Amino acid sequence: MMKACKTMTTSSYNLVTVVIIVAVLCLSSMPSVKSQLSSNFYATTCPNLFQIVRREVKSAIKNEMRMAASLVRLHFHDCFVNGCDASILLDGDDGEKFALPNVNSVRGYDVVDTIKKALEDKCSGVVSCADILALAARESVLLSGGPSWKVRFGRRDGMISNQTKANLALPSPFEDVDAIISKFADVGLNTTDVVALSGAHTIGLAKCATFSPRLVNFSGTGSVCPQNGDGNKTAALDRTSTDVFDNNYFKNLLEKKGLLFSDQVLYSSDSAAATTKSIVESYSNDSRLFFLNFATSMFKMGNISPLTGSNGEIRKNCRVVN
């Protein structure tokens, strides 16, 4: 499967490389982004950063294909609370790890630990955990057949993990379109970002408990998630191509086969008609447009309120403050 994914990665990347690079370069030239982060931040202090992170992410995905989606989600859930500061990685019962959207759900902490250790061995005290999350998410998408985008660095790690804010700020699989759009707007993301980033559900799995009310609409899924069964069991978010990053997620929505309520409402709800429906249709017909917009939205998301300069710290251990 890894060979197949690698082949798709190359072909997909070749199709959209020029368009994506132009779009991301335009974004990265904006003063608000350029002044905060830099693409060559570790050029001299940790020149092997890219090779180390790609090696460890590739190893993790080879061991478990689902990990690609988990690392993308980890970055997403971090950035929506206090900005992209790796606060989700901090241990502690009152931290974000144990917020309702994250507890027994968000995964990949051990992979981040492995990456951090490998980087500490080569360039101790240099690379932040927040930057690791951003780069690991990009590599996960790319290795799954999706697009690439330029990741800028220089984020520092936060020292506070806010469980209360995580419970309020993170989108829920049970929310309607208007609520989701509102939460994205709270962190500076727009309706196109909502649909594009939801497309990350083209890979990965969801627990039965997150979609059990919709089981009546899914022939075959009921055998995996029987009524009154184990809510911690999982099913593919996109059964058409579970481990490949493509636009089948959006085609599923047109066929009313979105697994999560929050997925299907992007196309089928009354509110979607004036907000997200047309974008879903565009992505279902044009994978290159989806790849372009997804890359752009991930770039934007990775720049949500980063700590830079003398703010925050560079954690030696991603799970605890120094």
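Cβ coordinates come from backbone N, Cα and C, glycine included.
What TrEMBL says about a protein is an automatic prediction, not a curated fact.
Each of Cys129, Cys208, Cys225 is a candidate, yet TrEMBL gives the disulfide link of Cys318 to Cys129. In TrEMBL, the cysteine linked to Cys123 by a disulfide bond, out of Cys46, Cys79, Cys84, is Cys46. Candidates Arg73, Cys123, His201, Asp238, Asp246, Cys318 (recorded positions) were compared with Ser87 (Ca(2+) 1 binding site); those inside 10 Å Cα-Cα are Cys318. Here Val81 (Ca(2+) 1 binding site) comes close to Ser87, Ile88, Glu96, Ala99, Asn162, Lys165, Ala166, Ala169, Leu170: these same-chain residues lie at least six apart in sequence, with C-beta atoms under 8 angstroms from its C-beta. The Cβ of Asp78 (Ca(2+) 1 binding site) has 30 neighbouring Cβ atoms from other residues within 10 Å, across all protein chains displayed. Note on proximity: of the recorded positions Cys129, Pro171, Cys225, Cys318, the one nearest Cys84 (disulfide bond) is Cys129, by Cα distance.
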